[in-house]
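Asks: Take a look at what TrEMBL says about it:
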type: REGION; residues: 1-91; note: region 'Disordered'
type: COMPBIAS; residues: 8-27; note: compositional bias 'Basic and acidic residues'
type: COMPBIAS; residues: 64-79; note: compositional bias 'Acidic residues'
type: COMPBIAS; residues: 80-91; note: compositional bias 'Pro residues'
type: BINDING; residues: 279, 280, 281, 282; note: GTP binding site
């Protein structure tokens, strides 16, 4: 056999054993656990159960995950909202007011100031050429001689139909309150009929037909600067309400009785209220609202009318010249009537 002849199997085993012994001496193939190491031996099953990551790495990853910014998910686009039909505005309350009072009290001026929301006929003082003695005087409009209807006015957020009843003198041989009651009763009927008005008082209207078919409030206008006719205003107001005024010599006893000078008024059977406006409060010497109420015996009138279900609101001061107090005076009445 040559020099390169194969070794015997026994020789191969001896060489392998020597090789393994040499490697074991150098630390190869020795378990990192077990006897002499102070650590448990690492077996195949222990390796399978061991965590894939070193201890503490999972906690560090969780902490990093808490502080890391969240991953933004793509949001689906919301469908476009369906077009909505605009809501109709709430209906505006609608009321009917009837203005009565003596001639010259300023009923028409108050209505005009209410409609224009400014003064009615005041002469300019600074830039005008009028005499100084005439500065600030009131240019009163002509006295109303026929029932006039003003439709579509607005005050305090309320739509108003206003009826201006003339208050001049004796009408057709009757006292003022008789004519007023006829006008008022015609308005308190289910349908307004001009034939029920006095023949010489043909109603004029801004529309084709009279607008009033009911009355929510009777506004009695008084000239607070005309103390000489305050007693006349008191009598006309009381008789308009169907009562004999205090102190009337024909009234038996202290208590009031129904006024029999005309047919019974429908005011007592209606839901209308009564408001007194003390106009011209800007004039020197004008009575205050409380003084006007005392002169008209308004407290007693309120008690008498309250017994039949008619509410007398009270007396409020106003000025048709600068419009002061008109809406404020009407506000209480309008708020109660809504």
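One is the number of the first residue shown, and numbering goes on along the chain from there.
Backbone N, Cα and C atoms are what each Cβ position is placed from, and that goes for glycine too.
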Asks: For residue 281 (GTP binding site), just count the other CB atoms lying within 10 A of its CB, please.
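Replies: Cβ-Cβ neighbours of residue 281 (GTP binding site) within 10 Å number 22.
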Asks: What is the Cβ neighbour count of residue 282 (GTP binding site) at a 10 Å cut-off, with all protein chains included?
Replies: 19
Asks: Within 10 Å of the Cβ of residue 280 (GTP binding site), how many other Cβ atoms are there?
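Replies: A count of 25.
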Asks: Around the GTP site (279, 280, 281, 282), what further same-chain residues have their C-beta within 8 angstroms of the site's C-beta centre?
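Replies: Neighbours found: 106, 223, 224, 225, 278, 283, 286, 317, 318, 319, 320, 321.
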Asks: Using DSSP with the three-state reduction, classify residue 280 (GTP binding site) as helix, strand or coil.
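Replies: Residue 280 (GTP binding site) sits in coil per DSSP, no helix or strand.
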